[in-house]
Structures are given as structure tokens and as C-alpha cells.
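Listed in Swiss-Prot for this protein:
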- 78-546: domain 'Ketosynthase family 3 (KS3)' (DOMAIN)
- Cys281: active site, for beta-ketoacyl synthase activity (ACT_SITE)
- His434: active site, for beta-ketoacyl synthase activity (ACT_SITE)
- His472: active site, for beta-ketoacyl synthase activity (ACT_SITE)
Amino acid sequence: MSRLPVIVGFGGYNAAGRSSFHHGFRRMVIESMDPQARQETLAGLAVMMKLVKAEGGRYLAEDGTPLSPEDIERRYAERIFASTLVRRIEPQYLDPDAVHWHKVLELSPAEGQALTFKASPKQLPEPLPANWSIAPAEDGEVLVSIHERCEFKVDSYRALTVKSAGQLPTGFEPGELYNSRFHPRGLQMSVVAATDAIRSTGIDWKTIVDNVQPDEIAVFSGSIMSQLDDNGFGGLMQSRLKGHRVSAKQLPLGFNSMPTDFINAYVLGSVGMTGSITGACATFLYNLQKGIDVITSGQARVVIVGNSEAPILPECIEGYSAMGALATEEGLRLIEGRDDVDFRRASRPFGENCGFTLAESSQYVVLMDDELALRLGADIHGAVTDVFINADGFKKSISAPGPGNYLTVAKAVASAVQIVGLDTVRHASFVHAHGSSTPANRVTESEILDRVASAFGIDGWPVTAVKAYVGHSLATASADQLISALGTFKYGILPGIKTIDKVADDVHQQRLSISNRDMRQDKPLEVCFINSKGFGGNNASGVVLSPRIAEKMLRKRHGQAAFAAYVEKREQTRAAARAYDQRALQGDLEIIYNFGQDLIDEHAIEVSAEQVTVPGFSQPLVYKKDARFSDMLD
């Protein structure tokens, strides 16, 4: 009997805002929300973006005037809409019309003369080029003479062809929320996102730790691009060329595994299992598969799974743009048939499109096994039962889509059929497509989904694509999809792909239902298939069950009496979670960052033949019995 991995918390930040309590989802379907939910989310965004202040439970304008949620919507809604989701790259990241560049300049002295200039001796190159000579000058400087042609690199600026990205809400800076000095942006985001996920559970972290053994907590996270800004690998690689020194922090903080390490070391204080599995754009699902495996096998009882990616940098944009992968200004101009480009519609899954849109995002989910969730009264937002991963076989282009995704989608649907039945899959499931917004993706992914739907007798299969709203966050992309799916389970709304006028003519949709308007479901949706396709042949498809199905499974396994006791205990959890949400809406995000605190005294660790006792943990680590190979031994 396998343990069921249930989602008991989720949180993070992307272009839609804070993910916990479905606020990011609400932003994406803001037109379809009731006034109270809409105004609550807008007020929270206004505080995040520093448009209004929150003091003593009241919202205040810059001049101190009290504001009601209705006032905030009336006064700031349009500004919030313009400063969230995919949009033109903002100057705090870079100026897409004037990105710093080096231009090669060749200089030649006039015939019979030399090029001369003064400089400090400390500034001269070592060794001195053969065609340079120096002579003493006043004030301790030297006169440099260059006698032949030479090459210089001079500061210059030029425009990027790509000018849109999925950026965190304008004014929200994760590094301002804790002592983040020297931390790359991706690590800043991982700290605040993991905090949001932990706080969203409504259960004190120490309570969780006290109920499991020290090694029964696991964290699986990371990034695919590593940390490429000046505080990470970007600064490391550029330092010598810029004449700067490499710092002692840039190399270790640049690791792609460092989001995982920061969560263990500064947020959780965990000594449990840890890992960073990468699979291009399917990376989150790779880590989710590991989380599912360690819970179903009993190796862990609590797992934090997520990713953090901060790729809005000139180098990343140039790299993906050189591949022809990104939506360019000119490409969007040709699609729209006008000179004035709407960058908010740059990401167009399954419509007329010209490339994907890079985005930053950090998202985390908290998983528990079903027994622990019941014991602690955890609020269950869904369950994750399987992730299937397959490669593409032999390839020509390493970045082109391939056949592996047929295998993953088909296996995911077959798996769900065995759990919930064919009728539920046919009439109460939906797909969160990879939907990258490239011409190749819209054809190949839609054909895969259409053919699998045909094989299982599915008609009108609802398909959505969250990248239309928040862009493509690379490692974190399928986490954006999963958390959006939880919003659909909660509100019964499937986000429409509102950045397209219509589905492109070459999209296969005989058995699919793809809409550019939000779709409110008459009957509850019970199963979501998360699909992801990554460069290199990294294909993954996950199965997510609704909280209704998860609770039905728990009731059957543990009995009505145990479930009734759980429901009673859950009310306290929900109250604590709601209290955190209200504080967060007021700007109190309660970031967990324990630098150098509660360090474990290694000399106080007690090791015996039966167990290990670790200071600071209420339960010992008891060695598990291993009978895996007992049939092979005498």
C-alpha cells in the first residue's frame, strides 16, 4: 500500500503576484472573479507594488488618506493591470532599447606618428604590448605611445530585438524583504517563495518537524540557468573582462542547486533528503516526480518541491533570441499588422505566434503523506499521483520537439483512468499545456493532445496555457501550471488564452476545447494533466487530483471516524492560514531567513546501532529495516 502525496501548502511569486491562497490565479482571471475576491487581490497587489500603505489593518494612500478596497480598485486597478503579467521589459531590469555592449574599435596612427595618451602606470596592461612604448610624465603618470594599429573595445549600446518578459509586479523587490546582501535574484526569490509556501500551510513548521524523524523531510528544487546576474555566475564570468576581481561568493551562489541549499540552510534548517534535478523546461516536474517517489515509498513524509528562475538578463535574452526561440518586436509587429506592438500579448499559446516570452518565477508546493496530513489537520488542496518522463530518441535539432511527449501524455492519462475511472477522465479532466507560444509547439503539442484524446474517447478536452499570462519561467514553468490548476479546482474557472484573437488554423483541435475566454465549469473538474516539453528531449506529464477526489480517497482509506476528526482539526489550520493571508495582504510577509541561527553541535550528535539523535529534533532518526534483497540472501 503506497502513501498518497497530498498538497498541503503552496506559494511563491511570479508576474501575477503572490501565489498562495490563489491570488496569482485570481489576477489571471480577474474579470471572472466576484467583487470581494477581485478587490482583495487588487489591494494585496497595491501593497506589494508600494502603491498604497497598510497600517493597523487599514489601507492608506501616499498622503495618508484612508482607502477602502473599492477605492483601491477605482484608483489603481488600471495601473496594477499594466504593471503585472507579461509586459514590456522595465528599466529596473534593463533598457531593451539601449543594452550595454562593447564595440570593437581599430585605431591606426597617422603615417610617421604615434598615438599617444597619458595613464597611471597601474593601469597599463601586463606585459606591455610590443608596439607600445612609455616615457615618464608629470604627476607620476606615463606617456604611452602606440606605433602600430591596435584594437580597443569601447562602451556602446544597442537595442534588443526582444522587448517583453514576464516580470514580478512593478515595485515588488524580494531582496528588500530580508538581509539579502550579495544574493543573486533567483536566491532572493527562492527564500521569499519558500516562506510563502510554508506559511500557507497554517501549521507551524516546528510542529511539522516534531511529528517526523529528521530525515523524513526532503527538499527538491533548483534552476536550469543557474544564477546569472552580477552576484552569481554572471559576475564571475564577466569580472576579468571588466577588470574586476571575482568575489568569494559569486561561484558558490551561482550553482543551479543553490535555491535548494538556501531553503535547507536558511528557511527550514533541514537535515533531510535534498536534491536538484534538472530537465530543461520540464525541471519542476522532474523534481515533483522525485517528491512523489520518496513519499509513496515511505522515504520521506514531508517534501518541499519547487524552482526559482530569474533569467531577465541580456545574456539569457540574447542566447534564446539567437536560437529564434523568443517573440521579437518585429515578429509581433508582423502578426498584429501594426507598428505599435502590444507587448502584453507577446505570449500567444496556440494562436498566431512567433516565439516564447522569458519570465521570472519562484514557486513551491508542500507535500505530505496522507496519514501525516490527517494527523496534523492539514488543509488538502489536491494530490499528485504520478509524473511520467520520457526522452525523444535520436534527434537532429536538440531544441526541436520530439516523440517522447506522446509517451508521457498517454501514460499520464492511462494512470489517471486507473485511479478515478475512464468516465471521470473523459468528462471531468483538463490539460495545462506546455503552450510555449512557438509555431512548432502549437502544432506538435496540440497534435499529441488530440491523438491521445482520440485514443481514450475524450471529446471537447479543455486545454489552457498559463504562459499566456506569466510567460515562460523555464525551470519553474510547470510549477506555474500546477498552481494555476489548484486555482481551477478552487473556483471552477479555466483561464482562457486571452492573448490570442483565435486559435491558429494549424492547431489540431478536433477533440480539444481551447478558448480565448475564461471558462466557468458547470461540473467540478477533478483531474488535471500538467504537460511540459523541454529542449533536449525532456518531456514530462503529471497527474494532479482535485481536493474532492483526494478527500474521497482519504475517507475510504482511514475511515469516516478518522476523517471526521480530521475535518474538525482542519478548521484550526484554516484559521491560522487565513490569518497569515490577511497579514500578507497588508504587506507583512513574515520572511523566514535564519542565517547562522540554531546551528547543530556536531559533537552532541548521538550515534548508536539503532538510531541517531540530532540536537534540535524531538524525534531520533531510527534506522529503517531493509528487506529489499532478503530473497537473494541466506
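One is the number of the first residue shown, and numbering goes on along the chain from there.
Note that Cβ sites are derived from N, Cα and C of the backbone, with glycine treated the same way.
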Item checked: Neighbour tally for His472 (active site, for beta-ketoacyl synthase activity), based on other Cβ positions within 10 Å of its Cβ -> 31
Checklist line | Tertiary neighbours of His434 (active site, for beta-ketoacyl synthase activity) (same chain, Cβ under 8 Å, six or more apart) | finding: Cys281, Asn441, Glu445, Ala465, Lys467, Ala477, Ser478, Asn531, Ser532, Lys533
Note to self: Through the lens of DSSP with three states only, how would you label His434 (active site, for beta-ketoacyl synthase activity)?
What the structure shows: coil
Item checked: All-chain count of other Cβ atoms within 10 Å of Cys281 (active site, for beta-ketoacyl synthase activity) -> 25
Next item on the list: Take every residue in the domain 'Ketosynthase family 3 (KS3)' (78-546), average their pLDDT values, and give the whole-number result.
Entry: 97
